[in-house]
Structures are given as structure tokens and as C-alpha cells.
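Novice: Structure below; questions to follow.
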Amino acid sequence: MEPLQCGTSPIVGFRFSLHPMTGDFIQVIKGALRETDTTNVWMHTDDVSTVIRGRQLHVFNAAKSIALHAAKTGVHVAMSGTFSVGCPGDSAGDAYLDKGDELLNTDTSKQYVSSQFALYPMNNPDYMAIIYREVERAKALGVYNDSMHYASGIHGDIHDVFAFYEEAFANARTSENAHLVMTVALSINSPSHGGGSGA
Ligand SMILES: Cc1ncc(C[n+]2csc(CCO)c2C)c(N)n1
């Protein structure tokens, strides 16, 4: 078998799970996936997670919309997932790269989210400088929340948080080191937000 090469495809993927803290979790998960316009991304759901793949702008647009639709139920919901680009072998089925620039999910409703992220610039010897640069950018933008082991806290309105994540994901890869992984964990409608004592 040929060794897997780092793909040169610009296809971006996001594999994520929603975990709504409610007995009606099936409705919240399925509703959020159904109500989002996913025409511009390739999507597949299984018993553990969902993956969306396509151009960066459409993957982030669909991801934000799915989170926002789940949030609108008012239920406390967790979204955790991994963005990836330049992944070895991730070059097949690139039909979705032909999609245009028009964003299909345009809901601008406000929604507070608290989250944590971690960047993994694969095979890049300057990876710590890249990570620090993005954390500094979060501070300048006012979405930085906290530093912690293995991740950095990002919070604020969902549109600001996703805009930061999309830009961090774009900034943290280079043409020489095109394989990048970013993990995110979002908490929405938590009774803990704002220093409450809930879970
Ligand atoms: C985004 C996302 N995709 C899939 C699952 C896995 N999952 C758990 S319950 C359920 C609905 C009933 O089949 C599904 C698909 C998830 N949690 N979040």
C-alpha cells in the first residue's frame, strides 16, 4: 500500500457531536441538522457524530448555524468537535469545492457561548508561536476568556466566537505545513455561565 501523503486539497472537515441536556435530545440534534441549510457541504451523521466537509467558509457557516439552531431550543447543549484541513487522504469527493461564495445560513440572532479550543499545526516546528499569536488575537478581539491546561477559553456572542475560530483556523496553517487540526468544545445555555453554581 502507498504511504498516505498529506493531501493538498483545500477541503475542510468538521466532525462534531451535539449533546443536549434534555430528554428530548433526539429532537434537538435532528432539528438543528435539519433546519440548517447544508446544500454547500457534504454531510453524514452516524450514531456518534456528524461530519461536514467542503470549503472553509461553508463548513464554518453550517457549523455555526447548527449550534445556533440547537441553542434556540433554550436547552443546555454541548457541541464538541474537530476541524481538520490538509488531512492525509482527504482529497476524494471534492465536488463541494465548486460551491460559490454565498453563505446560506444568515441568522444573526445573538447567543452567548462559552468555549475552549486547541490548535494543532501538524509538523510545524513553529507551532507554539502560531498558537500564542492566535491567543493574542483573541485577547485583542475581546473574545478571550481564560487560559488553562491543553486549551484556551473563548467566549462571547456566537457570531464573534465563530468568526474568531474561522480566522484562527485560516491563520494557523501555511503552504508548507498545510495539515492543521483544531478542537473546539462549546457550552450553550449552561446554568454555569455568569458564575452560577449549576453544572
Ligand atoms: C451532531 C451529532 N450527530 C450525531 C450524534 C449521534 N446521535 C446521538 S442521538 C442521535 C439522534 C437519534 O439517532 C444521534 C444522531 C450526535 N450526538 N450529534
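Cβ from N, Cα, C; glycine included.
TrEMBL lists Leu18, Thr50 with the feature thiamine binding site. The domain 'Thiamin/hydroxymethyl pyrimidine-binding YkoF putative' annotation in TrEMBL covers 11-90, 114-192.
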Novice: Per DSSP, how many helix, strand and coil residues does the domain 'Thiamin/hydroxymethyl pyrimidine-binding YkoF putative' (11-90) have?
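Specialist: Going by DSSP assignments, the domain 'Thiamin/hydroxymethyl pyrimidine-binding YkoF putative' (11-90) contains 28 helix, 27 strand, 25 coil.
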Novice: So what sits near Leu18 (thiamine binding site) in its own chain, CB-to-CB under 8 Å and at least six residues off in sequence?
Specialist: Val28, Ile29, Ala32, Thr50, Ile66, Ala70, Val77, Ala78, Met79
Novice: What does the DSSP secondary structure composition of the domain 'Thiamin/hydroxymethyl pyrimidine-binding YkoF putative' (114-192) look like, as residue counts for helix, strand and coil?
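Specialist: Here the numbers are 29 helix, 29 strand, 21 coil.
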Novice: How many other Cβ atoms sit within 10 Å of the Cβ of Thr50 (thiamine binding site)?
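Specialist: The Cβ of Thr50 (thiamine binding site) has 20 Cβ neighbours within 10 Å.
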